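**Q** This structure is in structure tokens; I'll ask about it shortly.
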Amino acid sequence: MTGSIRSSTAGIDVRQLGSVDYQTAWQMQRDLADARVAGGPDTLLLLQHPAVYTAGRRTEPHERPGPVFAGAAGDEAIDVVDTDRGGKITWHGPGQLVGYPIIRLAQPLDVVNYVRRLEESLIKVSLDLGLETRRVEGRSGVWIPAGSGRPERKIAAIGVRVSRATTLHGFALNCDCDLAAFTAIVPCGISDAGVTSLSAELGRTVGVEEVRGAVADAVCNALDGALPVRDHPGARVASST
């Protein structure tokens, strides 16, 4: 999987945003996709969301959470938003870096290739922090393997939609988010695995600000083929010695 997957040779317009409401960001994606189809640039949005659950098209009724509350006083209800992306239900919130590439794919379309490139970019960022991660066959996203009595743990989720050869939605990398938010759901419909974060695995705080520049570079390089997709058969926390 080398060479660019994009139809354009122009650079990607990377927009580093702050905290953006999910519905606002979703409309932003649709507007950017319309603009891209009309000849505008490829764009990568990097941001955080206030706490929200998003349900992909394959979410079953029993997988939706009951009332969940957040906020300092625990009295702010967390919304559940139905989306048009693939996959099932997940959580977004503070401490999680969300990326939305709005990219016109080259022909012939290869959505699996596109997803593998997103995974590769997040595997690269994790490795540069000292954490080896990998793919799991049959499951999208980036994972820590089972070991020491712990199940496989997802550190980054991916859910995309491609319409008019243009991508929407994207990925979510858990940096220093509240992992308890995932306990109200079966994340992505996978009941035999866990969820983790960079901070939890590395034993130190790894905030969104620390990784957002590296994620932007890695995603752009992966989409353009400068970061090739590789096999990652094993994964562990790299030794500091």
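Backbone N, Cα and C atoms are what each Cβ position is placed from, and that goes for glycine too.
Worth saying up front: this structure is predicted, and the values here are computed from it rather than measured.
If you look up Swiss-Prot, you'll see CYS188 marked as active site, acyl-thioester intermediate. The substrate binding site feature in Swiss-Prot is assigned to ARG85, GLY86, GLY87, LYS88, ILE89, THR90, TRP91, HIS92, ALA157, ILE158, GLY159, GLY170, PHE171, ALA172; the stated evidence is sequence analysis. Positions annotated as domain 'BPL/LPL catalytic' by Swiss-Prot: 38-227. The site 'Lowers pKa of active site Cys' annotation in Swiss-Prot covers LYS154.
Mind mapping these onto the model and telling me what they sit next to?
**A** Just so you know, the Cβ of GLY159 (substrate binding site) picks up 24 other Cβ atoms within 10 Å once every protein chain is counted.
Of all Cβ atoms in the shown protein chains, 25 besides its own fall within 10 Å of the Cβ of LYS154 (site 'Lowers pKa of active site Cys').
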**Q** Helix, strand or coil at ARG85 (substrate binding site), per DSSP?
**A** coil
**Q** Express in Å, rounded to the nearest integer, the largest CA to CA distance found among the substrate-binding residues ARG85, GLY86, GLY87, LYS88, ILE89, THR90, TRP91, HIS92, ALA157, ILE158, GLY159, GLY170, PHE171, ALA172 named in the record.
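**A** Among the residues the record ties to substrate, max Cα distance equals 16 Å.
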**Q** For a quick check of packing: other C-beta atoms within 10 Å of the C-beta of PHE171 (substrate binding site), how many?
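**A** Its Cβ has 24 other Cβ atoms within 10 Å.
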**Q** Express the distance between the Cα positions of TRP91 (substrate binding site) and LYS154 (site 'Lowers pKa of active site Cys') as a whole number of Å.
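**A** It is 13 Å, counting Cα to Cα.
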